[in-house]
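Below is one structure, written out as structure tokens, with a few remarks after it.
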């Protein structure tokens, strides 16, 4: 009885302690068990005579038991749908559990695949050599996926076939090319994912390694990028290049490719492509660095060569300046003094010719130094008004002297129609005429040299075909003058004519291609003219023709700006000359004394400043050479103002430079004038007069 009644007690305790649904059903079960127990207990007492009350109690308990039993059964009927819903939920939860288990399994497999990929990537990235990267990929994939063989195919240079370049099982694969237009190759290159090849695929059979029938074969493309594929950070629109990675499973247990294995292959192929591209970029970058280093070495060598050339040029200019230009300037200055002496007509003609020649030589020296400085081969012209007839006379005098010295006869003929006052570069024209004379004299050992000057209206000028264009363009106020120097074997005099046999040198093609002729031709073209060589009919004797365009000008009026200033203006003028060249200093002093100046001379800028400090401001004019050592003329000019008293002394620069900015630099340094070397008496007189006039001394 105690065990029987303990059941409802335990159920009641369980109901009171738990939060279960349908508690009232359990309560009904407890009541049913209690009533049944009481009914059985009362029935045990029925075997003996019993009273009415006992029978009534037994009847009541049986009735109550029947009621509780009916209520419980009715309740259970209403609970069936609820129980079914619980069962359905249980089945749903079981399905969810199975799906979660499957997803967990997939996650584990993915994690395992990721681990394999990380391991493969780490092994692949250990090297920057493309061949090592590919062989490492093949070995590690074979270990991870248990492959029979794996291989890499790459296109040849012509991109006509695919060649087996790397293979896990090394063998002679030179006889196994696959056409580039193979259907499997085209399909693999056209897709990004892995392609499973058919058993009879030529690509799969060629990649099996030769160990019998292969298992499942998978292939994927790998893009091969290089530095040349990029321009400005973006890919160029060029045809892409792909390699093909082929993987072969062993033919055992009907093994096939799983999804995880294919995923590993895709990721590894991408990593291999990145690693190979990175290696290619580094390799090409290294090549570019080596090329840049080589170019840098070449540039450094070029820089050293340029510095050596600059030093050689500076040495050459120094030699030209000290060895040739300064002596020529001294000669020109002395000749300008001689021109003012009382000379006979012949002596004056010779002295004028020599002075003109020295001026031409000075111009040539300046050209050489200027060209060596500028390095562009440019030549300058000084266009100004001059007398053409005296220049022709001086050139003829010098040509005659040369002819007499070399044993030639000489004649000159100038038409009266040739203009006298013209605008042009007198020095350059004189230089070209001397070149023509020297060129012809160098070709013969004897003969007669004829120098003729005529205008376009001359009767013989129209016979030369080269003269025709000049005759047609001789209008518009210009005069075209032809200078002809002809060498012949006929020497004609006024009284007789004799035949002289001369030795001739053949005409060579070098006449128009040597350096002096080329420079003369360039000068002539700058002066709107032309120069050429004309051989005679026998091909021995020859003549040279020069045609120049001049603009005639009027004769300067007497008393104009060309008049010399009065000589009394410079008498007693105190002048200080500062020049480091002894000869030029002496010549400049002699020229100033010729003008009537009181001259003192020093050899440096320091001595010039010391002279000013010792003698106060007694000097009225200072002639400064701009290129003195230790302290140049510009620095001396900037220090002179503290020694000045009023407007004295005036500063005039002496320079052989032909730079156009010299005058501006002199003005900035406080100078009043510039005299360009060679210093000539007339030039010095004119510049001193201008400086004194500008300072309101005159």
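In case you wondered, yes, glycine gets a Cβ from its N, Cα and C as well.
Feature annotation from TrEMBL assigns Cu cation binding site to 36, 40. The feature ADP binding site is assigned by TrEMBL to 513. The annotation ubiquitin cross-link is assigned in TrEMBL to 677. Residues or ranges marked as domain 'Response regulatory' by TrEMBL: 574-692. The annotation transmembrane segment is assigned in TrEMBL to 24-47, 59-84.
The DSSP breakdown of the domain 'Response regulatory' (574-692) into helical (H, G, I), extended (E, B) and coil residues amounts to 55 helix, 27 strand, 37 coil. Cα to Cα, residue 677 (ubiquitin cross-link) and residue 36 (Cu cation binding site) are separated by 152 Å. Minimal Cβ crowding within 10 Å, among the recorded positions 36, 677, is found at 36. Each residue in the domain 'Response regulatory' (574-692) has a pLDDT score, and their mean in this model is 88.
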